[in-house]
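Lifted from TrEMBL, the feature list:
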DOMAIN    1-57  domain 'DOD-type homing endonuclease'
DOMAIN    5-67  domain 'Response regulatory'
MOD_RES   ASP54  4-aspartylphosphate
Amino acid sequence: MQTPHILIVEDEIVTRNTLKSIFEAEGYVVHEATDGEEMNNVLSEHDINLVIMDINLPGKKRFITCS
């Protein structure tokens, strides 16, 4: 079985690093993004199994990012 990949989309570095440490300790492969544009780049380059996303990302199109 392939190791699941998680994408954390969070602009706050402390929160992002904390989540990354927790999931990596459990054996997951963790990818990071700080905004919707980075998220889309990661999604186009990797097979992501789960996205954990801050709902208060900066930018005008933050809700469109989910669609």
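Backbone N, Cα and C define each Cβ position, glycine as well.
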Quick one: DSSP breakdown of the domain 'Response regulatory' (5-67) into helix, strand and coil?
26 helix, 14 strand, 23 coil
Looking only at Cβ atoms, how many others are within 10 Å of the one on ASP54 (4-aspartylphosphate)?
16
Averaged across the domain 'DOD-type homing endonuclease' (1-57), what pLDDT does the model get? Just tell me the whole number, please.
94
